[in-house]
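Undergrad: So that we are looking at the same thing, I have put the structure below in structure tokens.
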Amino acid sequence: MAEGRGTHERPDVETQKTELGALMGTTLQRGAQWYLIDSRWFKQWKKYVGFDSWDMYNVGEHNLFPGPIDNSGLFSDPESQTLKEHLIDELDYVLVPTEAWNKLLNWYGCVEGQQPIVRKVVEHGLFVKHCKVEVYLLELKLCENSDPTNVLSCHFSKADTIATIEKEMRKLFNIPAERETRLWNKYMSNTYEQLSKLDNTIQDAGLYQGQVLVIEPQNEDGTWPRQTLQSKSSTAPSRNFTTSSKPSASPYSSMSASLIANGDSTNSSGMHNSGVSRGGAGFSASYNCQEPPSPHIQPGLCGLGNLGNTCFMNSALQCLSNTGPLTEYFLKDEYEAEINRDNPLGMKGEIAEAYAELIKQMWSGRDTHVAPRMFKTQVGRFAPQFSGYQQQDSQELLAFILDGLHEDLNRVKKKPYLEPKDANGRPDAVVAKEAWENHRLRNDSVIVDTFHGLFKSTLVCPECAKVSVTFDPFCYLTLPLPLKKDRIMEVFLVPADPHCRPIQYRVTVPLMGAISDLCEALSKLSGIAAENMVVTDVYNHRFHKIFQMDEGLSHITPRDDIFVYEICTTPMDGSEYITLPVYFREKKSRPSSTSSGAVLYGQPLLVSVPKHRLTLESLYQAVCERISRYIKQPLPEEFLSSPLEPGACNGSRGSYEGDEEEMDHQEEGKEQLSEVEESGEDSQGGDPTETTQKAKGPPRHKRLFTFSLVNSCGTADINSLATDGKLLKLNSRSTLAIDWDSETRSLYFDEQESEACEKHTSMSQPQKKKKAAIALRECIELFTTMETLGEHDPWYCPTCKKHQQATKKFDLWSLPKILVVHLKRFSYNRYWRDKLDTVVEFPVRALNMSEFVCDRAARPYVYDLIAVSNHYGAMGVGHYTAYAKNRLNGKWYYFDDSSVSLASEDQIVTKAAYVLFYQRRDDECPSTSSPVSFPGSDGGAKLSSSQQDLGEEEAYTMDTN
């Protein structure tokens, strides 16, 4: 097999580096095509050409050759080449422009059978345009009006137009080009809106993941099957469209081969007019086909439909919806008089209007659930990071909504310029009052009234002792959690004894530890000396990385498959050994080519062999010994040229490390991978495929496999080892492949045994009990603890006239009516992400924050919990829900997208709690004033006994006991 399968001659590594380097800085342009490449392959290519200045070691070595582009690690299904969910840019894949892709493809080729992963650049944002590559296409459900139960799943780019969808649907449902059609957007089970603007993009139309679209062909008599429904329900004109002058179907649309049964069907009775949504982006008609709603739905108990990974948005919205002062403000239409359409920092009032419309729907008492489609569309226009359908952070969205509502509703029309002032020894009360008044001169809205408090920040210079005190507003408290110090890892230990299966262990290691810590922990459980272990990352049947003992464990992500190999101590005779990576490959004939291909399979091995006086025969015996467990017995006599019994020791850890050191000092340019030297001895080595024999030697026997010297990925051959009459000279950077033909592998290789492993008792034993739950007060104390600024984040001291690593301390000066507490559960580095699942115990009633407020003249700050945003799962994946207290009946409910169920207080405190909403007790609290009359309620609402008793409870101070 040649080194890659590119169609053009490959230039030298310096030229490759220069040409690709210039292209990788290409700016994203709307409509341009970019390609995804598995980051592991791309990193290997960068090492090969010395792309990064800090990684120039062994540039151009054959052993680093990346081979053909291989994206198999990105697919959840190799056959359909469906992308895995939640892939992360730079971590899992890299994006390259078309010209860069074409060069790499010409130089290296692509793994046979793989199609390029090409995606469009789409533009987001209304005022500030933001381009990004649309990695995940939008899945739409398509059906024909006459048969709504047969739904086809089809993928489109958000840059595709409505006309593109219509043309694709004509093709799928065999609708003649001359027959007129109408396209309907079906959502909320039985609500339909007509898509009339053919030039609108999918993004403009606000279509979301899993959206159902219905195509309606015109009847032969010129009428429409839905004409009666439309005439009864819609006052807006509709626009029928034909097929003339339509653009061709998008190359980015692809249809799933499977039919998906959909139980929803059109109900022709009980229609009512739902009106046309504000900013409907081309929806010219809208109507519902559902039964009249029940008059007994409790206002506020309205679920939110998941539009495709939008549970994070639903969770945040449910918490805000159940924030009484804010919801009352919108339901009373107080926002209409305060919309600031001219604020350059605002969104022309459109976020406020979209939010108001959604809140009115949720509190109308008419619907059990609604789809926040138009609100999401508006958010995506102003905040492109939320425009897609990947999982996002509910707290980040919450911060955007609060900031957006504030700017849209800011009562200040012209913000004055105010010079920031330092305390300069003045009393805190004076400086704080000045800071708050200045803040209100520029920021005056219902959000400031409800959510804003004041921090006190103290900086002390370590050199001159200058003290700087400032007061800054905040909208929510982000509280750190005590970081865990340990990490649990699951690894496979591969014993040196070839008869023993790999054993899976669960070990506890320091969170910021080294590979040596992993080996020590594994040694305690296995009894194998840590110095005899080699830790590897196995990926796609090859070694992605072989770790050194001093490397950090942070390089290993939870998704990596870690195999630890036992390497024996130095043999008694003192001979020097080297340890070689060995890959299993199956040789396949390619009808379209005269050269053969090879496919990796199975788990790779580390095999130790003598460094000197190594023959092909002794190498074959060493490998046969190592894989003896995989070989089906009995073997035919023709294969028995050497016994498959374990004999010699399988290697030396000491020489493994020593060889690395030796190779570091070899002179540059010297061949390091495969050399042969003449030997005066009679060697048994030779071409393993030959069956001829020497004149006086024993008859040669058939071999199970042949050897190839390959690159470190196993994807490109460097040399064969057919070296009759010569000794092999290999080194520790050599990589071998043992190549099986398909028939021999099928007959004699035990696939099941090669994949088998045992589980150590550590896998079944309960994990070490985590630290008991921490109290919320511990998080607050951690937040207010003095810290020293890092060397990369210094403070400029006005006295010393230079940057200093000052000490910094936060304190709380004043707290708002609604206190939003963000528990900082997520942490990450460049290699992996982590979530802290620690249970934080927070009071549901009577949270006393007074002791944490440094203004001793302040009012009491006692709060009751009103909502919680929950996150289940790991960072970047998982699911968001919410608990919230309905202010009309005083009961707790659990909101899970469109589902709403009754909950109890003892369910609320869990390890999933992420964002907490507290409402302050005071004379202005809605619980002691006349409640607003909500639509759908009986003119007012009676407070539950629990609410009436709430004001009489004794406030308690948080206690860790």
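The backbone N, Cα and C atoms fix where each Cβ goes, and this holds for glycine too.
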Undergrad: From the set Ser277, Ser589, Ser655, Ser762, which residue is assigned the annotation phosphoserine by Swiss-Prot?
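TA: In Swiss-Prot, Ser655 carries the phosphoserine label; others show none in the record.
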Undergrad: Which one of Ser269, Ser274, Ser674, Ser764 shows up in Swiss-Prot with the note phosphoserine?
TA: Ser674
Undergrad: Excluding Cys461, Cys464, Cys797, Cys800, please set out which residues of the same chain place their CB within 8 Å of the center of the CB atoms of the Zn(2+) site, keeping sequence order.
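TA: Result: Pro462, Glu463, Ala465, Lys466, Pro798, Thr799, Lys802, Gln804, Ala806.
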Undergrad: Is any of the binding-site residues Cys461, Cys464, Cys797, Cys800 within 10 Å of His879 (active site) (Cα-Cα), and if so, which, in sequence order?
TA: none
Undergrad: C-alpha of Cys311 (active site) to C-alpha of Cys464 (Zn(2+) binding site): distance in Å?
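TA: Here the two Cα atoms lie 51 Å apart.
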Undergrad: Looking only at the region 'Necessary for interaction with RB1 and RBL2' (459-463), how are its residues distributed among DSSP helix, strand and coil?
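TA: Secondary-structure breakdown of the region 'Necessary for interaction with RB1 and RBL2' (459-463): 0 helix, 2 strand, 3 coil.
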Undergrad: Return one of helix, strand or coil for Cys464 (Zn(2+) binding site), based on DSSP.
TA: coil
Undergrad: Counting by DSSP, what is the helix, strand and coil composition of the domain 'DUSP' (11-122)?
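TA: Per DSSP, the residues of the domain 'DUSP' (11-122) fall into 39 helix, 25 strand, 48 coil.
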